[in-house]
Amino acid sequence: MSRSARRKTSALNTVLRVVEVFASIQGEGPFTGTYSVFVRLAGCNLRCPFCDTRYAWSLEAGKPLGVEELVEEIARYEPSLVVITGGEPLLQRHPLNSLVEGLESLGLRVQLETNGILPAPARDEQLWRVYHVVSPKDVPVRVPGAKLHPSWVDYARATGRAWFKFLVANEQHVREVAEYVAKLGIPRSRVYIMPLTPEKLDMKELLELHSRIASLAVKWRLNFSPRLHLLVQLP
């Protein structure tokens, strides 16, 4: 590879297309309630009809930001956790590894949210060491084109740093999740079910939905994830 080509590759690996950076609490999954900085990356490989961040679907929706500049912006918030979300963050895999390296150099914990279509990190990637919350969309919501890459199950077993989170609306959905994780050999301790929230629910309806899904989690011996940020009206 020529010197100019190497410079070009290096530049690509240190620039991310970023939709937004903001502070909130992590409202979902194993780190619920943690003060966090969210980094929303542009681009997604799915078109989920229930998606509440459609503005991040296109790669062009993001502003190009250098990794060093982005790390400095994140550090100013002094977060307990950095949540990298999307879109689908792994579409920007190479610069994402550079971002993780920069964040870890500051001693920051990193959690990545993914739909699990793309392969799990390899051992030689910076991403191998971060926490992952995988939200498969092939069960029970069945989004076209969604299929969990089998490497995520192996990654979870090898590292203990991955959890699987499923959107559910009723008991049939929960039954499908239970059958799915049993077939793949995913321990229930690594599985969360979370309410699939339609648009325009008032607070009473939102609380009732959370109560129903939480009761189903107990019945089926699964972990329950609220959507805490919705309940407390944070971004």
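The backbone N, Cα and C atoms fix where each Cβ goes, glycine too.
Per Swiss-Prot, the candidate among T85, T114, T159 that belongs to the substrate site alongside I25, Q26, G27, R40, P235 is T85. Cβ-based neighbour count (10 Å, all protein chains) for T85 (substrate binding site) stands at 19. A straight line from the CA of C51 ([4Fe-4S] cluster binding site) to the CA of K137 (S-adenosyl-L-methionine binding site) spans 11 Å. Put simply, T53 is the one of the binding-site residues C48, T53, P136 whose Cα lies nearest to the Cα of R40 (substrate binding site). Within 10 Å of the Cβ of G87 (S-adenosyl-L-methionine binding site) there are 31 other Cβ atoms, across all protein chains. Within the same chain, residues at least six positions away from I25 (substrate binding site) with a Cβ under 8 Å of its Cβ are T32, G33, T34, Y35, S36, L228, H229, V232, L234.
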